Amino acid sequence: MGKVLVTTALAYTNGPLHIGHVRSTYLPADVYTRFLKMRGIDAIHIGGTDNHGVPIALQAELEGKDPEEIVEKYHEMIKEDLERLNIHFDEFSCTCREFNPDHVDMTQWFFKRLYEAGYIEEREVEQLYCPECERPLPDRYVEGVCPYCGAEGARGDHCEACGRYLEPVQLEEPRCVICGSKPEVRRTMHLFFKLSEFEEDLKKWLESNDNLPKNVRNYAIQWVREGLKDWDIVRDLDWGVPVPLEGYEDKVFYVWFDAPIGYVTFTKQYCDRVGQDWKDYWFSEDTKIVHFIGKDIIVHHALFWPAMLMGVGATLPYTIVAGEYLTLEGEKMSTSRGWVVWVKDFTKLFPADLLRYYLIVVSPLTRDADFSWGDFRDRVNNELVANLGNFVYRTLSFIYRFLDGNVPEAETDQEIVDKIKETHQRVTEHLEKFRFREALTEVLRLSKFGNEYFQEHEPWKLKDEDPERCAEVLRGCARIVKALAVMLAPFLPDSAEKIWQSLGYEDSVHDVDWEEALEDVETKEIPEPEPIFPKVTEEDLEKAKALLPEESGESEGQDDEYVSLEEFNRLDLRVGKIKEAERVEGSDRLIKLRIDIGDRTVTAVAGLYPTYEPEELVGRKVVVLANIQPKEMFGVRSEAMILAVGDEPALLTIDESKREVEPGERIR
């Protein structure tokens, strides 16, 4: 394998990091890069902060500060938050024009290449202008009523209620957020990136790139099918990267034009520091570029950014890993309401590895997940403390107490050798395919096996009855402990290091090869063992819950007779295709269905018999609610719900007279 360039979405410097940011983007990228490096692969992790655009300019204006002050403050806070969680970067920089002139140069280099190639076009546009403030009103400088859903408070670039991207002139009843007055429409010249010219190339790339996850591919292809529109890449603003074109001296690039170029800027800065050529990463077929992002910016990374790369002849992403949303105690996180867990607050109460563990195992990355303090306590205490920590501590404590603190010289049961090899192979395969939860679960299964092996062979009896066999059992357990330390290193770096040092090793587990997990443990003296993980107590939980307001405020002011658009948008309604159907044993009406919903196949139990025979359901496309609480019925776990009409159910059908609809497409 050649070089691997791992990037994480640039953190926007208008606030510190919360656990949702960590789960979707930074943690999986860190795990993946650590894994690659342990395998001896030439991999680097590039990241930083995104510092331009209207939100920062507006925040600075409202606070009476310079944008640079906002950027500098939150850049340092974000960097510290990432360090608190042991998330390591080979290069961590910023896009701020005042602090990083290299990024200005790189952004303008991209623009000039695209301009010279004919992909940039000048057009006259309408924009809102505030006569009171005597200024244009780009993006969030204006609010109003969404023209699509009627929600009040829609911003000039986006409606939070229905998720639509907007232009300021589309808003109904617009008002300037600075002075509150009604703006007027004026005309000005802007520059457009001709995204439409890349429509066919993007479609081919999306459909042929098997490395792209389904949640990314399906979402991006849906945009392509609806027709790509050319992209306005400048703003009438004084905060951003200047446009190097005559007549545009008072304008800057749109933040989503310059932000992804930050990946290239930071790579060049890394290469300049270590004496490499940045084009070996961005203009080489031997490099795999892996982007880790949140699902809210799929369109930017799967359409806009690849088109820009095509336009300059650069390497396209190998894959784009998009983490889904994280809720908090069943409610959408909200920084404005304080319904959020900040990284800094968490790490004051608990070790970083506890958060890393929970965010990985709570749900696959490609599914929405919920952070619950009660579930966090249960998983830490039952899985880390009672399973993994217990096995390591009881093994090493027994060796320390009864074998003079020396790992015994003995043979290892073949059963253990085989189990370690099998686990190592599965963990490797899962990580190669970005299945982080499944990989870490396999490691925990190995420690569970170790506990069962220890309990079954009763070394506390063998030490007196059969010392030779006792030595074999304990050496086998110590070998499992070593394998656990190595395979945990990408996931739980601090805990893996503790386990490694507990075996008497003086080097770092982060400096050993991934294959070291398969090697025998060394015969050496160990230090007195200490517990690896702290137990989460009720007192700890009370302190943690005190960080949140008593109520999330999610339903404040809502009429119980109505469902808000925000509530409706929490429903994950998709097109599903039934792959298998069979009667549920013991039930008169239930049919068990296996349904393809794009990024995964789910099981649903539905009362469709005798209206429908199982055979006639296979191949049908149906409407699926994909994020309903799972429920067990007649011994079958139902993970989704299909929608139908009436007590004698009539399935809703999908109109495909205009185009074919794919499993996984969202219903909105």
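For all residues, glycine too, the Cβ spot is worked out from N, Cα and C.
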Practice task
From the ranges 11-21, 209-219, 462-472, 506-516, pick the one that Swiss-Prot records as motif ''HIGH' region'.
Solution key: 11-21
Problem - Predicted model, mean pLDDT over the domain 'tRNA-binding' (567-668) - result: 87
Exercise for the section: For Cys159 (Zn(2+) binding site), write down the residues of its own chain that are at least 6 apart in sequence and whose Cβ falls under 8 Å from its Cβ; none is a fine answer. Expected result: Cys146, Tyr148, Cys149, Ala151, Leu166
Practice task
Look up Cys159 (Zn(2+) binding site) in the DSSP assignment and reduce it to helix, strand or coil.
Solution key: coil
Problem - Lowest local Cβ density among Cys146, Cys149, Cys162, which the record lists as binding-site residues, within 10 Å - result: Cys149
